[in-house]
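**Student:** Relevant sequence annotations retrieved from TrEMBL are reproduced here:
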type	residues	note
DOMAIN	187-205	domain 'NF-X1-type'
DOMAIN	240-259	domain 'NF-X1-type'
DOMAIN	293-312	domain 'NF-X1-type'
DOMAIN	346-365	domain 'NF-X1-type'
DOMAIN	373-394	domain 'NF-X1-type'
DOMAIN	398-417	domain 'NF-X1-type'
DOMAIN	425-444	domain 'NF-X1-type'
DOMAIN	482-502	domain 'NF-X1-type'
């Protein structure tokens, strides 16, 4: 009996604790914890940006992009590894891409790099393997890294500390030291933020610099915006050598001269109005000047300088090139009568005709030819290609489909079929060509909304089923479930609204108003339930039900 009594006491205590836990979860007390977390997050961000904002007199407008990456690092489930489609936790080893700043699990990116290098180097022979440092790409932005740049250790964002410790008062995966990475484009200064994810902000240092055209006096400006224009006319002499640049003060070289002027062609026969920026131009007339031989004229089109000697003067060879003749330019070179012996188009046999003008004929000798795949031979004219009808049975580089190309040389082309495998998101299929290894991550993003739909966050496709909905700061707009006309103010949420805590205010039979809290939806323990034999037996009905209780007796004292 004493054991049963103790069991009942412990059972009641557990039920009371469970009831209190449910009420606490439904109440707005969790919102206070969220507000405390946001205050803590704000303090960490202010600490990270302190040195930077001290250089900009408190101006943090250039930090929005970096702030977005840091907010994602704090938000639960916002940072997702695109390779395994799982959340990146603050106690896991990670790697960050220097191109898109996307964060991956260290184990996932190592496997990705290994698979990528294997797929690139697998078609190579043993002699070629290792001679070239083939790159591997980032899964998101396809930025290429060398084989030697494959990550092997876990570092913080700035790369100073290996295996940074988990500190609740720092950005996840940060060492807490000053970043000191060089700004891009390089200006000679280094980043002043504490170790942070995402790109470094623009350089906040003040430098004294002059405008593009060097006419204005030097003025102090931010290093990230040190190039500026005074808006005065440039005035530099253009490439034509006649006019000056009229554009406002600008960076780089001046544009070509836009003016039009009369210019002669190269041979000087024609004059035309043309852009001043392109003074050299050719007309379409043949030169026609008499050459030094006195028998022929120059056949070049509009040229500068002397025409040169007659192309038919001096020693000239016969058509086959074996014999040279010294003849006047008015006479044609005769054929020598010897065999031509020029190599034909087949590259094997020579022309058997006598020295002749014009191109040689096609090779007509019959040879034993082997087909492209090397399985059949046939005697046929040398100039004709020989392709058999045998289809290639080799497996293509995808390791799934046969080549099936007629008379294949063995160098089978890449597979032309679509991969079609289901991606890791389980929503889409791979649109790439058939390939080996893992498919690229799904590039799509999905909107995850709060209950009212006014707060939205974008997550990688496939994460919408596991990520927590965003916290909404809009008030809940559901109608009250009790007799009150309005419900207590609380934020947007999923599930049932918290119990109403307003005074009941129903009119009692005596005429007074009920002063206790609203009891339209009170949790009441059911009576007459089947007594379970032990903790292994599951109850068939809930122990507590939600029901409306009658108002308690009036306790207002009255004279009697």
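Placed from the backbone N, Cα and C atoms, the Cβ positions cover glycine too.
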**Student:** With Cβ-Cβ distances below 8 Å as the criterion, list the same-chain residues six or more beyond the ends of the domain 'NF-X1-type' (187-205) that contact it, or say none.
**Tutor:** 47-49, 51-52, 55-56, 62-63, 65-66, 68-70, 72-73, 96, 101, 103, 156-158, 160-161, 170-171, 173-181, 222-226
**Student:** With Cβ-Cβ distances below 8 Å as the criterion, list the same-chain residues six or more beyond the ends of the domain 'NF-X1-type' (240-259) that contact it, or say none.
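**Tutor:** For the domain 'NF-X1-type' (240-259), the far contacts come to 211-213, 215-216, 227, 229-234, 275-279.
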**Student:** Who are the long-range neighbours of the domain 'NF-X1-type' (346-365) in its own chain, taking Cβ under 8 Å and residues 6 or more past its ends?
**Tutor:** 318-320, 322, 335-340, 381-383
**Student:** When you scan the chain for residues with a C-beta under 8 Å from the domain 'NF-X1-type' (398-417), skipping those not six or more beyond its ends, what do you find?
**Tutor:** 371-373, 387-392, 433-436
**Student:** Same chain, outside the domain 'NF-X1-type' (425-444) by at least 6, Cβ under 8 Å from its Cβ: which residues?
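**Tutor:** That would be 82-83, 85, 112, 115-116, 118-119, 122, 139-140, 396-401, 414-419, 460-463.
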**Student:** Take the domain 'NF-X1-type' (425-444) and count its residues per DSSP category (helix H/G/I, strand E/B, coil), listing them in that order.
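**Tutor:** Counts, helix then strand then coil: 0 helix, 2 strand, 18 coil.
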**Student:** Can you tell me how the residues of the domain 'NF-X1-type' (373-394) break down into helix, strand and coil by DSSP?
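**Tutor:** Looking at the domain 'NF-X1-type' (373-394) with DSSP, the answer is 0 helix, 6 strand, 16 coil.
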**Student:** In the same chain, who gets a Cβ under 8 Å from the domain 'NF-X1-type' (373-394) while lying at least 6 residues past its ends?
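**Tutor:** Distant Cβ neighbours of the domain 'NF-X1-type' (373-394) are 345-346, 348-349, 362-367, 402-410, 412.
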**Student:** So what's the mean pLDDT when you look at the domain 'NF-X1-type' (482-502)?
**Tutor:** 88
**Student:** If you run through the domain 'NF-X1-type' (482-502) with DSSP, how many residues end up as helix, strand and coil?
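**Tutor:** Looking at the domain 'NF-X1-type' (482-502) with DSSP, the answer is 0 helix, 1 strand, 20 coil.
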**Student:** Would you list the DSSP helix, strand and coil counts for the residues of the domain 'NF-X1-type' (240-259)?
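**Tutor:** Looking at the domain 'NF-X1-type' (240-259) with DSSP, the answer is 0 helix, 2 strand, 18 coil.
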**Student:** For the domain 'NF-X1-type' (187-205), what are the DSSP-based totals of helix, strand and coil residues?
**Tutor:** 0 helix, 2 strand, 17 coil
